[in-house]
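Colleague: Handing you a structure now.
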Amino acid sequence: MDGNGRWATERGLLRFIGHRAGVDNIQPILEASVEFGIKVLTIYAFSTENWSRPIEEVSGLMRLLGTTLRNRLQELHENGVQIRHSGRLNGISEELQKQILHALEYTKHNDRIILNVAFNYGGRGEIVDATRRIIRDGIDPDSLSEETFSRYLYTNGLPDPDLIIRTGGDWRMSNFLIWQSVYAEYYSTPTYWPTFDKAELYKALLEFNRRDRRFGGVPDAE
């Protein structure tokens with residue numbers, strides 16, 4: 001969801017207006033994803049590094065998530081959206097934690113599409129948190145496999161991403177799904193998230209389908 005603030009600034013608007021426009025764009029992209037056969041859509045809504053932003057902006061983002069959950073949860077549920085959360089709950093207000101946990105429980109049986117919200121998320125932190133849980137559970141280091149480690153990640157039960165789309169023109173990973181994205185294809189577009197629409201998603205999927213995904217192997221022609 002990159003480019004919300006820049007989208008607003010270029011239009012002479014407050015950055016918060018851009019974040020709100022970004023939230024408004026989630027539903028149409030969800031619907032387009034369903035139409036294109038996508039089963040899991042992960043959005044990077046708030047990173048652990050975003051805490052360093054001005055306190056007014058951070059507070060606004062927290063309120064925006066709470067408001068969105070209150071006002072749109074029923075609609076998402078009726079549309080068959082299962083909500084997942086990837087990230088740390090600690091650091092978030094108790095009220096917002098309750099809202100997130102309620103959304104997860106309320107939509108857990110929906111199967112039209114999974115919306116995985118990476119909020120207060122950091123890829124390195126995810127690996128640290130997984131390691132801590134493994135140690136607490138007394139897992140024998142010699143028996144630890146990649147499959148076992150994956151079960152301790154926030155994304156347990158979700159497939160690894162096939163395609164990571166970065167709006168706003170950057171190519172950095174930015175601490176996102178470090179473990180899960182080892183074989184993901186990357187696609188960057190200068191389009192800011194608030195104006196990233198169905199046509200832009202289709203362009204990204206066309207490019208993805210042209211990629212030769214070898215997963216460490218060699219092309220069939222060789």
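Each Cβ is built from the backbone N, Cα and C atoms, and glycine gets one as well.
What TrEMBL records for this protein is below:
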- ASP2: active site (ACT_SITE)
- ASN50: active site, proton acceptor (ACT_SITE)
- ASP2, GLU185: Mg(2+) binding site (BINDING)
- 3-7, ARG15, HIS19, 47-49, TRP51, ARG53, ARG166, 172-174: substrate binding site (BINDING)
Colleague: Counting only residues 6+ away in sequence within the same chain, which have a CB under 8 Å from the CB of TRP51 (substrate binding site)?
Modeller: VAL58, GLY91
Colleague: Comparing the binding-site residues GLY3, GLY5, which residue's C-beta has the most other C-beta atoms within 10 angstroms in this structure?
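Modeller: Counting Cβ neighbours within 10 Å, the top one is GLY3.
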Colleague: Return the count of C-beta atoms lying within 10 angstroms of the C-beta of TRP7 (substrate binding site), excluding that atom itself.
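Modeller: Taking all protein chains shown, TRP7 (substrate binding site) has 23 Cβ neighbours within 10 Å.
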Colleague: For HIS19 (substrate binding site), identify the closest of the recorded positions ASP2, ASN50, GLU185, judging by Cα separation.
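Modeller: Result: the closest of the recorded positions to HIS19 (substrate binding site) is ASP2.
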Colleague: Can you give me the same-chain residues 6 or more apart in sequence from ASN50 (active site, proton acceptor) with a CB-CB distance under 8 Å?
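Modeller: Non-local contacts for ASN50 (active site, proton acceptor): VAL58, LEU61.
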Colleague: What's the CA to CA span in angstrom from TRP7 (substrate binding site) over to GLU185 (Mg(2+) binding site)?
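Modeller: Distance (Cα to Cα, whole Å): 25 Å.
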Colleague: Provide, as an integer number of angstrom, the distance between the C-alpha atoms of GLY3 (substrate binding site) and GLU185 (Mg(2+) binding site).
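Modeller: Here the two Cα atoms lie 21 Å apart.
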Colleague: What residues, ordered by sequence, lie under 8 A Cβ-to-Cβ from the residue listed as 'active site' and sit at least six positions away in the same chain?
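Modeller: Looking at Cβ-Cβ distances below 8 Å from the residue listed as 'active site', excluding near sequence neighbours, one finds TYR44, ARG166, THR167, GLY168, ASP170, TYR192, TRP193.
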Colleague: Through the lens of DSSP with three states only, how would you label ASN50 (active site, proton acceptor)?
Modeller: helix
Colleague: Need the DSSP three-state call for ARG166 (substrate binding site) to compare against my parser.
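Modeller: Assignment for ARG166 (substrate binding site) reads strand.
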